[in-house]
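Trainee: From TrEMBL, for reference:
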TRANSMEM  62-82  transmembrane segment
TRANSMEM  127-152  transmembrane segment
TRANSMEM  257-280  transmembrane segment
TRANSMEM  286-309  transmembrane segment
TRANSMEM  321-338  transmembrane segment
TRANSMEM  358-378  transmembrane segment
REGION    419-445  region 'Disordered'
Amino acid sequence: MQRRGYARDDELRFLPRRPFGAWEAGEKEGDFVSDEEGYQPIGDTEKDQALVARRYEMMTEVLRAGSLMLAALLAFGAMLVYLRFLMVPLVFSRFLVYAFQPLVKYLSGRRPFSCLGSTVRLALPRWASVLIILSLIIATLLLLCLVLGFTINDLISNSEYYLLRIDRLSNSLVAFAETLGYNKEDIKKMLPEFQVSAYVLALLEFITNRFPEMILVLLIVVYMLLDLEDQEEQLLAHHKRSLAAKRAHRIDKHIRTYVIIHSLISLAAAVCTTFILLVFEVDLALFFGLVTFVLGYIPNIGPAISIFLPLPMVVLDPRPVAVRLIFIFIFLAITQFVEPKVLGRVMNIPPVTIIVALLFWGSVWGIVGAIISVPLTVSIKMYLESLDHPATQAVAGMLGGNFSAFDLTREDLELEPEDEQAASFPQNDEPVVDMQAPKPTAVYY
């Protein structure tokens, strides 16, 4: 007689998957069965031993691959930090090329466009198309400089008014704190001192320091656009016979779609914000619209900053402010409903991955890394998916929110055909066991 700790030959289960104290349906703890009914100890059959060896090999491979990937990730992070001065302009320039690439195709005649119900195909030379794009970029930069100039002029000319409103607001806060029992002097020490000139100088210094980088990015974008046609022809020529070309074409298509859709959403949010602020006569409306467009590229955090950024100007305005808060709800509708619906289908990554990517790339490359964090993460995910290796497939699934590859006790884990054959027909009546794996023994509950 044997105690309940055994399974039938045709219902063998792997030892670690059997919970302690679990019994077959219809049997209770303490039931005894005879050996003649076909019961054998779990772990003593050849198939169980082959399963143990198989899972031991998988665990060893996962640990080895994880160690190598951790070392590679550390080396990759160090490279990103030390080569930041080189990588940031190149990657950001490529990001801008994705935004202007469709317009270049329309101008050069490679893609027709509809106009008043008819199809129009332009046939401009490549250099002329790039020259038009360059003119648009320069005009946009001049417009941005004009908006910043108006903003700085408004801050300087109305500095006394803003400081007066800040003093009144500070006095109101101090009076409210005194009613709660706090000391007036301590509260005044906690409040920061506002100097409009200091903020203006900081803004001018930031623009001056970034001007050489902007010129470098502009030159790289021009050269990339000029060479884009040759790259596409080479890619299409090798598309049918090269796996790498197919992978690059697929990644380019997804990133281009993301950049175009995200640009349209950010532009719509900026236009709505500017229009509402202008209607309700809030100061610096154009500046806040510009900041809304730029911060719209930063996932999750950028829209939140752009929502609360105009609030100080609303608070400092002596007129009723309740009606001006309408733009917050409109902007929330765009960023929290439209953007996740549209971009979620294109990117196919969960919000947790977006947050982690934002923190990682933002800490490595600053605001530029935060802007391009989602395209970079999606590119890495798609590249890992295209590699035929279980470790890369597992990491790609993890970036997509699927952790099933790390579950070694999942139901779909089966023996390989050669392992099945070895388990069914052992030689010399000896069980087939991996010498590196510990030999399982029968367990009595």
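Heads up, residue numbers simply count up from 1 along the chain you see.
Backbone N, Cα and C define each Cβ position, glycine as well.
Burial and contacts for the listed features, if you can.
Mentor: Through the fold, the transmembrane segment (286-309) approaches residues 144, 147-148, 150-151, 262, 265-267, 269-271, 273-274, 277, 328, 331-332, 335-336, 339, 351, 354-355, 358, 367, 370-374 of its own chain, all at least 6 residues removed from its boundaries and within a Cβ separation under 8 Å.
Beyond its flanks by at least six residues, the transmembrane segment (358-378) meets 77, 80-81, 84, 87-88, 91-92, 95, 98, 251, 254-255, 258-259, 297-302, 347, 349, 399 of its own chain at Cβ-Cβ distances under 8 Å.
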Trainee: Grab the same-chain neighbours of the transmembrane segment (127-152) for me: Cβ-Cβ under 8 Å, and only residues 6 or more beyond its ends, written as numbers and ranges.
Mentor: 100, 103-104, 107-108, 200, 203-204, 207, 214, 218, 221-222, 225-226, 284, 286-287, 290
